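Right, one structure below, let's go through it.
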């Protein structure tokens, strides 16, 4: 087993070392397609984690696509080989860090896509080496901070997309050296945009996206309001909606006045101070060291009451334009928008980028969508908020297939029929806030496959049916705040990749984590404030879930309302044991990993969350291999044990432990012989010494202490079998003067022997015998080898007989031989020879 593990680890190490030196042609790993002499290299989902090991393609210009790979960190010189790349896609890589110099070598790069990653900061050295960059996309990340000078080297940058991040402010002069024409900062946490240091450097912008930020409509927002009012009509600027203070919540910034923004009068008149020469936008240094300016000093001025600043400059009042900026703005202002039909009570304007129509029917006392006559063609945005619309029919949006934004907020809508929006397949933003909707069900949102932003706040929603949001696979923002929700169905968010969720000011006493909150895998912001949280055991799971989230995801802290002793206390300040005393009786599991398993209690019982994610495939394969090897090893050991245990002699002999006797089978057979009855062989001679030989030859290797044993006879008689060695010792002590006699020897050994004892072939008695009978019992040895010599029978007795039986075919012949009278001298010689042995 250990050998297998060693071999596997060695193979992995060797393969790793080999990979570090291998350089592969990129078109052998990725797909390369040439379109109009431009090569497109697609390395999506090919498990690339070291692009510097790939050889660049043989092409003057090419586009690189490294989406959906394992590029968690970009190290210096990662793309050093790709000097002719004009675009680079790095989206969906879970990219967390970009080290300085990672893009060195990409001198020809024009477009960089970093969307859908986990970046938290853009450093000053992040974009070194890509000074020719014109397009930068970094949306749907976790960016909180942008360091000063992050874009200082990007003099040609025109498009910057930073929407749906966690940016709360923009540093001073962040866009000073860029040439931005498109800026998207939607879906962040920006509350204000100062003119000095930010807005003054984006005078050439033609599109600015400001939506979905918590704008603080106070005195700090006066510079932005003044700047927006002075922008020309053909420049698209997204709506900035006030979130604070509460009396201006939901109001458009452009609809507010200075008195509402700044009631105390402080800063009500927006002034632009004179900037020092170092901060002048267009200037250069002469050889004498003096600064020459191509634009006038910014004077501290106040726009006159009778003059419309927008007619003068196109930029905020007090800022004189350079010739370049002025010519650009004039070209936009002199462009005549196309003539398109516009509904009578509404105001329409054309979007400069795609010539789409923006229809503004806000607060026109419209009671039905059928009043919009004539219906606008090619409408991209439709604002009908602030009216008295009560019902919405299926036919109301039949001619609005190209809508990108639909605003139905602040009406009196109570019920929305099914399939109302089924033909709005291009809709990305839907506002239904400020109505009287009580229930949501799946049929309402059928057809909204591209919807990204859904606003349902300030309604009377009490119930949301299961699967309501499943038809919106691109939904990223959902506002359900200020409703009457008490619970959410299980898996309500499983079909929507929500990044921002607002559940503030509802009736939630607790929210289940399992099946509801744990489905929010792409969450970047959640607001749970203002709910009557019941700080008991049911809320422990929510508390643990909130604590695991990264900093800044939860907008505001959760406060308890019940029980009374915890009222107005922040949930995070209470320990789990205080919320749920039952946890004191349960031993807490030690934390052995950064993401331990968490046990909590819900109304359905204790639930245990999984410890951080799925097991890597390599570890899983290695574990299965180890288990397989251990199983084979254990099975082999069991097999060997069973075979060795079963390897035993086939026959055992009772009382005899020597394996030499393995071929001998003893059979005891009882004989009922009377003492006064003579056997049929009573006339035969008997030599008692053969009993000793038999005892020696059939002890089968017993120990010395076991060589002498007794056979008990039923009447109580005993036959003693002595060892030959003991017999020889006894013979040595016999008096030499004693006459050698067979009869005397027999009398000495068997004092009460029978006279009808005879012997024949004494020397052959050493050979094997068929059977041995002892005192009424018969010991048989089965005949297995036919080639053995004839066996002899030995019988001795006094009240018991020792019988050695032969086969029936030999019995009569042996009996005939034994009936002849024995030669005394022959017997004497054999006895003498035996004693010497």
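Along the chain as shown, residues are numbered 1 onward.
Any Cβ shown, glycine's included, is placed from N, Cα and C.
In Swiss-Prot, the feature N-linked glycosylation site is assigned, of 81, 423, to 81; the remaining candidates carry no such note in the record.
Of the given residue ranges 577-597, 598-618, 619-639, 640-660, Swiss-Prot assigns the label transmembrane segment to 619-639.
Here the candidates are 325, 798, and Swiss-Prot annotates 325 as N-linked glycosylation site. Outside the repeat 'LRR 10' (450-471) by six or more residues, the chain places 211-212, 250, 409, 425-442, 444, 477-486, 488-496, 502 with a CB less than 8 A from a CB of the stretch.
For the domain 'LRRCT 1' (213-264), the DSSP counts in helix, strand and coil order read 21 helix, 9 strand, 22 coil. Broken down with DSSP, the domain 'LRRCT 2' (531-582) shows 24 helix, 8 strand, 20 coil.
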